[in-house]
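Asks: Sharing a structure here in structure tokens format.
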């Protein structure tokens, strides 16, 4: 065999091996894609279509899915707004006006995003109070409740930073007042404020940092929401009666509760559309349509309505550190509910004493919101202090106390 024949054979073997490798890789990719598709379809089938759901769920259980849709709306509309927004103190306000006036359908995207934040908070507040009413924080759903509180706190941080971005009067002074509160933190307070500001005042570095975090945090919220959903599917949905439900009393999520959620979403969309198309500015503050002026302080600084109850708690404490601690404590205390509860009864439907206290809490929360948007006057401070006392009393004293009373009454009746 000549050298030429040897080289020809080597070349043929090389081409054969090359084709064999290509076919092997193609086969592997095809198998892998097929496996991934099957895995995805199985996931959708198990966790959406045939997810076992208690047969007696009401429309109150639609707030969770609606909140998820709100998050998607906020992320998508926010991405489109970020394409045209300029995070610079000299251009931010003008870029928002540019979006409203020059960008095609920019007014629609901005109103969807601005009012979408309010709609998101309405849905989440309803979701939280529904969970509180039906005992969704009780065993075995403690982690589910705590993950929901984490989402709520992240939402508040994201919404606050978003409120600063238009760089109107209320944006600037709201950022100044709220970030200055961190100076009350012992030892590290001023360092935290300097880091937030990126200088000695609220300025361009502050706006850049808030824009970056406002863009980034919704994806963190989405991640925690997936964990929240996984915990829900691990322990199963609660129900209005608060009783354990076996598989015989469950139905697949699709089509029964899918249709229910769809109807609830259409109702929400109608309500949302009224604000976007007819009252787009009713939930905004008039001063925020004035460019930020560091030399002119507004006569009355108020945050967005969904912060007002916690802002009222902050103002009700005369001491700065005490006010900051109370406002932070009003959020952190939500984590404690599953562990301070002593009741054996899950649903408030069967807890007459707790039902009265629950509706007093709802009224108390509304009063705090009303006080939060009022000027700093003695009468409003007094009302805010009374409402603040009941708020903390409910979570620290009344929840465990009512459970003990119910336990005594049940065992007294049985004996």
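Placed from the backbone N, Cα and C atoms, the Cβ positions cover glycine too.
Here's the feature list from TrEMBL:
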- 21-41: transmembrane segment (TRANSMEM)
- 25-241: domain 'Cytochrome b/b6 N-terminal region profile' (DOMAIN)
- 61-86: transmembrane segment (TRANSMEM)
- 107-130: transmembrane segment (TRANSMEM)
- 113, 214: heme b b562 binding site (BINDING)
- 142-165: transmembrane segment (TRANSMEM)
- 172-193: transmembrane segment (TRANSMEM)
- 213-232: transmembrane segment (TRANSMEM)
- 233: ubiquinone binding site (BINDING)
- 243-413: domain 'Cytochrome b/b6 C-terminal region profile' (DOMAIN)
- 253-279: transmembrane segment (TRANSMEM)
- 321-341: transmembrane segment (TRANSMEM)
- 353-373: transmembrane segment (TRANSMEM)
- 379-405: transmembrane segment (TRANSMEM)
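Help me picture these features in the structure, burial and contacts included.
Replies: If you average pLDDT over the domain 'Cytochrome b/b6 N-terminal region profile' (25-241) in this model, you get 91.
Long-range Cβ proximity for residue 113 (heme b b562 binding site), meaning a same-chain Cβ under 8 A and a gap of 6 or more residues, is found for 74, 77, 78, 81.
Within the chain carrying the transmembrane segment (172-193), a Cβ under 8 angstroms from the stretch's Cβ atoms is held by residues 160, 163-164, 201-202, 206, 210, 292-294, 297-298, 301, 303, 314, 320-321, 323-324, all 6 or more beyond its ends.
Same-chain residues lying 6 or more positions outside the transmembrane segment (213-232) and placing a CB less than 8 Å from one of its CB atoms are 64, 68, 71, 74-75, 78, 82, 141, 143-144, 147-148, 150-151, 154-155, 157-158, 161-162, 165.
For residue 233 (ubiquinone binding site), the Cβ neighbour count at a 10 Å cut-off comes to 14, with all displayed protein chains included.
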Asks: Using a Cβ distance cut-off of under 8 Å, indicate which of 142-165, 253-279, 353-373, 379-405 has the most pairs with the transmembrane segment (321-341).
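Replies: Between the candidates 142-165, 253-279, 353-373, 379-405, the best contact partner of the transmembrane segment (321-341) is 379-405.
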Asks: Give the three-state DSSP assignment (helix, strand or coil) for residue 214 (heme b b562 binding site).
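Replies: DSSP assigns residue 214 (heme b b562 binding site) to helix.
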Asks: With a Cβ cut-off under 8 Å, give me the same-chain residues at least six positions beyond the ends of the transmembrane segment (353-373) that come close to it.
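Replies: Sequence-distant neighbours of the transmembrane segment (353-373): 129, 132-133, 302-303, 305, 307-313, 315-316, 343, 380, 383-384, 387-388, 390-391, 394, 398, 402, 405-406.
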Asks: I need the CA-to-CA distance for residue 214 (heme b b562 binding site) versus residue 233 (ubiquinone binding site), whole Å please.
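Replies: Rounded to the nearest whole number, the Cα-Cα distance is 29 Å.
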Asks: So which residues does the transmembrane segment (253-279) touch in its own chain, when a touch means Cβ under 8 Å and the partner is 6 or more beyond its ends?
Replies: 48-53, 57, 59, 61-63, 65-66, 69, 108, 111-112, 115-116, 118-119, 123
